[in-house]
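Visitor: The following feature annotations were taken from TrEMBL:
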- 1-20: signal peptide (SIGNAL)
- 74-442: domain 'Peptidase A1' (DOMAIN)
- 92: active site (ACT_SITE)
- 337: active site (ACT_SITE)
């Protein structure tokens, strides 16, 4: 788990090459008298990191692993300003702000007199950036290498504020830093953005006139995570406020009825996926769509609503050779983050899972390694309180060697928290309800078929509360083994007045198919400035 150094809150995953997703987007909108929805479809392509970096090969005893091509990122091409300037940004559920590189960035090739080896150090950049509660993630932005002295800023585009007739500034500083020492410094601005036929006005945008990343971020998380509200400097100076970020503006300006979006990443090797704002596509999942509440880990520190897109992970287990084995049923908070590729589990929970997989931790490469035959014949289950999301362990493999050894994309995440990145999220159809602070999930359906789009106006259509809806993470506890995520269990009713028993199979019964931890200290630090 990488610790986050930030204003806008994020965590970093180091990787040497990436899979990028160039977006083919379009607007699907019903008649004016009917509920509305906005859909962006995208294609997947091979790419590279955002700064030049060396290819990484590491050796495990006598076995060499090629650790590359294992990070996804999801890009959207925006037209910013009037006339429009094309800028590519990364779509990220782990943050909440939109920021883009400015055309005057000194790290760009055509204007650079700075060295990337100084990243995070110039202009006192590592001074004002402080650490907020850990476990908050956003997309990795540099690959952790200083092999290049400049950035190719033309690939993803930059924004020249002087060329926009609709651009205006609010004279507020914008600063964000990441655990790999990549960062962005600039000012908050207002301008219009257009994504195909979706035209939004008065959009808050952080324009970075100094950044060692060649691509910006479109955060689509909760408003509590906005830089203007939880950024340390803003809190310290009592200058906190919230604004309407991208999903909120879609609702505010009439494109959708409710602040809801559905994410379908598709299978690992697929070329297409989609994000659907304001609606659900019933063709993209199998079985029952179950709803669980988002966690508010900072309620006692004064935050009324959740900070992040976190739910309770109720348990983990495996299935191999028609036998099931529960690793643990200790509930832990889990962040669903499209900006992280791998899966991070609590240290002890992951160690127990590794033992079940006959995997060993290799210090030389910093990954768990196991025999590929073991991986190919094992399914991994994640339980969320009455339903499981399942996939073959082979989809969690980072690299295979010629000697039939597999590197696993499962990483230790500290004592008590989890981050479920793309390797998990590709197996689920996930509906984020940012108005009611709920998340609905079902097993992803890769079979295709005709779209079955249904706009969300109140509750998520066809979704039902999970059997363990009210059985959520309530505080730190020791990770223990045992329990059973594959058969019946009992949960108290939402009123707490009775107990009901729900039964489900090891596979989702309706499906039938084969971070650093949050620290109360930092929450108290923020809260002390809010009161």
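Note that the numbers count up from 1, one per residue, in the order the chain is shown.
Glycine too: its Cβ is placed from the backbone N, Cα and C atoms.
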Visitor: Rounded to the nearest angstrom, how far is the Cα of residue 92 (active site) from the Cα of residue 337 (active site)?
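Guide: A Cα-Cα distance of 7 Å.
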Visitor: Going by a 10 angstroms cut-off between Cβ atoms, which of the active-site residues 92, 337 has the sparsest surroundings?
Guide: 92
Visitor: According to DSSP, does residue 337 (active site) sit in a helix, a strand, or coil?
Guide: coil
Visitor: What is the average pLDDT across the domain 'Peptidase A1' (74-442)?
Guide: 85
